[in-house]
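Worksheet: one structure, shown below.
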Amino acid sequence: MSILIKNGYVVYGENLEVIKADVLIESNKIVEVAKNINKSADTVIDAKGKVVSPGFVNLHTHSPMGLFRGLADDLPLMDWLQDHIWPKEAKLTREYTKVGAYLGALEMIKSGTTTFLDMYFFMDAVAEVTLESGLRGYLSYGMIDLGDPEKTEKEVNEALRIMKFIEGLDSDRVHFVFGPHAPYTCSIALLKEVRRLANEHGKLITIHVSETMAEIGQISERYGKSPVVLLDDIGFFGRDVIIAHGVWLDSRDIQILARHGVTVAHNPASNMKLASGVMPLQRLLNAGVNVGLGTDGSASNNNLDMLDEMKLAALLHKVHNLDPTVADAETVFRMATVNGARALGLKAGIIKEGYLADIAIIDFNKPHLRPINNVISHLVYSANGNDVETTIVDGKVLMLDRELFTLDEEKILNDAERVIGELT
């Protein structure tokens, strides 16, 4: 299977050089980027007036939570979770979760996301949807034991069951990740066991860390230290760890994260909507910490649009620092692409020969994207997910000219309405 993308503005290489060129894909790899490629291909896409971008990597989300979009807004995190989200989640079944996963996959494909790091329940169902959709998914079961040894064993067993299920799919696109929810919902015993199992099985770990001041206070009262210091003291960190949020980090925390090569997944929309705080982006970057970008779940965003998320990230840190030079467009674009891919150990996030063919084509033939003075600026500050015309993952076209090839959009939307009616 080969694809030839012609006449586009290509965001090329590590330096994000924008060139007018063609892109040739064979199997699941980019094999050539050059002007006027004169070779036959199974599929030819005319990208005139369009931008050929690396697909976006959503480094933290809860994809089935689109079911809860708009059900509870304008609340602090713990009120939102305890009074609204957790009671609804207690009613979830595998079928309901699968419907939510379809809705999330549909939204991601239509907005140019090609890879996502997920944490939720019934992750075997999410894995089935990911496989069918054509997306690249890194899937974690959210482990919570609340200090109960019986729950610790149960959560570990469920995670291992999901791992075995995902490995049984034998897909290069669908991967298992260990996902202890957070230091305030997981015992030290569970966190240590996750670290041991990740070493044994060679898996990544993702965990919520230092999202709110309430969490900082709770962990400080319980252990006498910050969540980051706590995790460091038990030997939890490594280059295979991706922490979500990292809002409330002091200088010592940042030094620890940098020393261990931990990645932080920044979720600006969710952090602003829940008034959790502003993560110290510039200090993290200055320390050499890899920072990716995530949307969090749709219930606290309220979408999975990575183009939208880039703009919010850029604007948030400029106004917070009273400095228009921070979080510049190129920095934020890297966070949404290559930085996320790097965290996952994925040779993607860059359009270059030898890299995986995970690509989004964005239609710039629109008034809000003309004139084309600066492609990266337009992608960060002007574009949105509805401007994505074509999405390619692993060398397979999932959407072309806004037409979907792997999912039934009408059925997914109808099922979502039915399920939320039954849940509420």
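One-based numbering along the chain as shown.
Cβ from N, Cα, C; glycine included.
For H60 (Zn(2+) binding site), the same-chain residues lying six or more positions away in sequence with a CB closer than 8 A to its CB are L117, M119, T206, I242, A244, H245, A265, N267, G292, G294, T295, D296. Sequence annotations record features per position, and here Swiss-Prot assigns Zn(2+) binding site to H60, H62, H208, D296.
Look at H181 (substrate binding site): DSSP puts it in coil. Taking the Cβ of H181 (substrate binding site) as centre and 10 Å as the limit, one finds 21 other Cβ atoms among all the protein chains shown. The substrate binding site annotation in Swiss-Prot covers E89, H181, E211, D296.
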Inset, instruction - Could you state the whole-number distance in Å separating the C-alpha atoms of E211 (substrate binding site) and H62 (Zn(2+) binding site)? - result: 16
Inset, instruction - Calculate the distance in Å between the alpha carbons (Cα) of E89 (substrate binding site) and H62 (Zn(2+) binding site), and round it to a whole number. - result: 12
Legend entry - Distance from H208 (Zn(2+) binding site) back to H181 (substrate binding site), taken between C-alpha atoms, in Å: 6
Legend entry - For H62 (Zn(2+) binding site): intrachain residues, at least 6 apart, with Cβ closer than 8 Å: D118, M119, Y120, G142, D296, G297, A299
Inset, instruction - Please find which two of E89, H181, E211, D296 have the most distant C-alpha atoms, given that the record lists them as binding substrate, and give only that distance in angstrom, rounded to a whole number. - result: 21
